[in-house]
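The structure appears below as structure tokens.
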Amino acid sequence: MFKGSIVALITPMDEKGQICRISLEKLINYHIASKTEAIVSIGTTGESATLSQEEHINIVMLTLELADGRIPVIAGTGANATTEAISLTKRFEKSGVAGCLSVTPYYNRPTQEGLYQHFKAISENTELPQILYNVPSRTGCDLLPETVAKLSHFNNIIGIKEATGDLSRIHKIKELVKTNFLLISGDDATALDFMQLGGQGVISVTANIAAKEMMEICSYALKGDFINARSINKRLMLLHEALFIEPNPIPVKWLAKKIGLIKSDTLRLPMTPVLDSTRFQLEKAIQYANLKIS
């Protein structure tokens with residue numbers, strides 16, 4: 001469940017900014033039909049930063065309800081404060097989630113020792129499998145391979161979503177961690193290269209609107225068939241890039257609406273609607289990818 005194509009699911013909202021159950025159910029069914037391996041609920045792409053903790057919990061629980069055991073659900077549980085991350089993680093322990101994705105604290109920029117103590121405390125006070133999440137471009141701090149290696153010795157810290165886009169990282173981490181520690185890409189544009197170097201999958205933004213294609217890329221890659229994997233990935237390269245012309249999830253929500261997966265591409269401030277110039281690039285990318293637009 002923690003290998004292959006895992007979608008970093010968008011959070012569909014109605015025009016008033018409230019959660020749209022109908023669109024969420026449609027998205028979940030789309031991923032089940034496309035054989036996506038698992039769903040990450042309320043990560044960066046799910047707009048965790050603009051949701052209250054009550055909304056955060058309710059959306060994860062609704063996702064579990066709608067998934068109904070048909071696809072594993074991973075809950076985003078990262079927080080700036082260690083006590084809050086522990087509390088949120090414990091909230092999901094009896095919920096049925098398959099595991100948690102825990103981003104490094106952001107804005108307060110802890111040292112490597114601070115990061116180690118943060119994740120150590122979460123591990124020692126909770127039971128769910130934990131996937132570390134390193135995305136320095138957003139958080140302002142970088143979880144270095146040596147710190148990852150120390151954390152890999154905790155039994156419930158099972159892997160890392162590495163979203164630096166730096167492919168040299170995978171070699172450094174692989175040399176230092178135990179052999180069963182999962183290495184998952186968090187960067188669609190370099191995910192295939194990441195897997196060729198020994199990674200086990202990707203937590204993907206692109207999968208929101210190209211679920212079948214991302215599943216096929218990962219499936220081929222994990223079998224060692226990089227010829228077929230690259231053939232599909234080549235069609236998606238413009239899309240991988242276009243989805244980050246503006247901050248995620250602005251572009252991907254607009255495209256999800258464009259192809260009929262959600263009713264509205266509503267975002268909460270300070271996120272604002274996609275620019276006309278970006279729409280042009282997204283339409284070009286979706287045409288090149290040969291994905292159907294409704």
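Placed from the backbone N, Cα and C atoms, the Cβ positions cover glycine too.
What Swiss-Prot lists as active site, proton donor/acceptor is Y133. If you look up Swiss-Prot, you'll see K161 marked as active site, schiff-base intermediate with substrate. What Swiss-Prot lists as pyruvate binding site is T45, I203, and the listing cites sequence analysis. Among the features that Swiss-Prot reports, site 'Part of a proton relay during catalysis' is placed at T44, Y107, with the record citing sequence analysis.
Known features from Swiss-Prot, placed on the structure.
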residue	record	contacts (Cβ under 8 Å, 6+ apart)
T44	site 'Part of a proton relay during catalysis'	A8, G76, V103, V135, R138, N248, P249
T45	pyruvate binding site	A8, L9, I10, V205, N208, N248, P249, V252
Y107	site 'Part of a proton relay during catalysis'	N80, T139, G140
Y133	active site, proton donor/acceptor	G43, G78, L101, S102, V103, T104, I160, K161, A163, G186
I203	pyruvate binding site	I6, V7, A8, V40, G43, L101, K161, I184, S185, G186
Handout entry: Cβ neighbour count (within 10 Å, all chains shown) around K161 (active site, schiff-base intermediate with substrate)
Key = 26
Handout entry: Conformational class of I203 (pyruvate binding site) under the three-state DSSP mapping
Key = strand
